[in-house]
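Read through the structure below, which is laid out as structure tokens, and then see the notes.
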Amino acid sequence: MDSQHCRVNGDSFQESSYIEDSPNKNGVISLIFSLKEEVGALAKVLRTFEEKGINLTHIESRPSRLNKDEYEFFINLEGKNVPALDKIIKSLRSDIGATVHELSRTKKKDTVPWFPRSIQELDRFANQILSYGAELDADHPGFKDPVYRARRKEFADIAYNYRHGQPIPRVTYTEEEKKTWGTVFRELKTLYPTHACYEHNHVFPLLEKYCGYREDNIPQLEDISNFLQSCTGFRLRPVAGLLSSRDFLAGLAFRVFHSTQYIRHASKPMYTPEPDICHELLGHVPLFADPSFAQFSQEIGLASLGAPDDFIEKLATVYWFTVEFGLCKEGDALKAYGAGLLSSFGELQYCLSSKPEIQPLVLEKTSLQKYPVTEFQPVYYVAESFKDAKDKLRKFAETIPRPFSVRYNPYTQRIEVLDNAKQLKNLADTINSEIGILCNALQKIR
Ligand SMILES: [Fe+2]
């Protein structure tokens, strides 16, 4: 995981101060320090606080467990005098020789990995990709093709320069690119009626009608993004390469899907070692137009915000076995809803054959499942429904150790951190208002 998002227990510990907010949040600050057991040592420290006009409201002492000849003191002081604290801590160390074991309030907050609070902050991810579009691996079909690599750089630049709120630049695809798309589109479309889930088949004709989904046309991200917004509020934004799991999942919390815009190499139209526009548009996009699936996807994103690294890995695995390679029940039959399946002619047939192992979606288990990334999956997980998957995800999210809950406010396009009474009251007011509308509507229906 990228280090800038993981400022947990960093080296700055020694430099910081052990000042933490009191749990009652009434402006009281707590500080722990230790002193050598000498007559008058504590009095000297207390005088320092007095000189700075800081009022101590509580003090406790105990023998130090680290140094036998020291005592530790725990004090509460009034938070309004914070500016003078740095000086006092400095003085405790230099003038009095106190050992100050400290954690700062900032430190405490930093133990939660950074996450975007507003949709504009997703712009920060643009230059945090793990691989840049033109830098292909040696086994990539386009590795030795300078024209393809130059083309990939063009797409990477579009994504790199894109900022939230701008229209996604339209691309004039070459005849060769359109031919590749056409091959994939034609082949996959023959399988959808029998292999894809109801939601995919329901939305696909709408994409043909409104977004230019045709065998001889590669649709534009901007048109699709506008269509999705009108259906579920989901939107696309171009991405230059692979994002970290943390960044990618955070986008989903805002109903933003990071989408590639380039297409696979023409030499192998039925194979791509990475996501490309065929995968995004044929696999992902139809499902993001479904309200229930959109909500499930957003739940994964919301669960990821501020989650520890090990939970990000678990959520990324859940994403893998649902959004990418999920199967769902339709009556007695199984259908595919995962984008990795719906964009792969070979795996779409294989996943519904008798060859792979089929397991029910149980997130505690699914989140730990190991998986290959370059071959067909040996095991698939089956969701009862998107609503069921969403309910399970919510329960799973409750096990994530983070000291707050989050909620997305679609009006402000911001994440609200529900860790104080004011936020909870705002939420209660919103729910109250919605319930009023519901009651009113129910009365009219009767
Ligand atoms: Fe994908």
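Every residue, even glycine, has its Cβ placed from backbone N, Cα and C.
Given the structure is predicted, the values throughout are model-derived calculations rather than measurements.
The domain 'ACT' annotation in TrEMBL covers 30-108.
Confidence for the domain 'Biopterin-dependent aromatic amino acid hydroxylase family profile' (100-446), expressed as mean pLDDT, is 89. The domain 'Biopterin-dependent aromatic amino acid hydroxylase family profile' annotation in TrEMBL covers 100-446.
In the three-state DSSP assignment, the secondary structure recorded for GLU324 (Fe cation binding site) is helix. Cβ-based neighbour count (10 Å, all protein chains) for GLU324 (Fe cation binding site) stands at 21. According to TrEMBL, the feature Fe cation binding site maps to HIS279, HIS284, GLU324.
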Residues lining the Fe cation site besides HIS279, HIS284, GLU324 (CB within 8 A of their CB center) are PRO275, GLU280, GLY283, VAL323, GLY338, ALA339, GLY340, LEU342, SER343
Please work out the number of neighbouring Cβ atoms within 10 Å of the Cβ of HIS284 (Fe cation binding site), leaving out its own Cβ.
24
Taking the Cβ of HIS279 (Fe cation binding site) as reference, which residues of that chain separated by at least 6 in sequence fall under 8 Å from it?
THR260, THR272, ALA339, GLY340, SER343
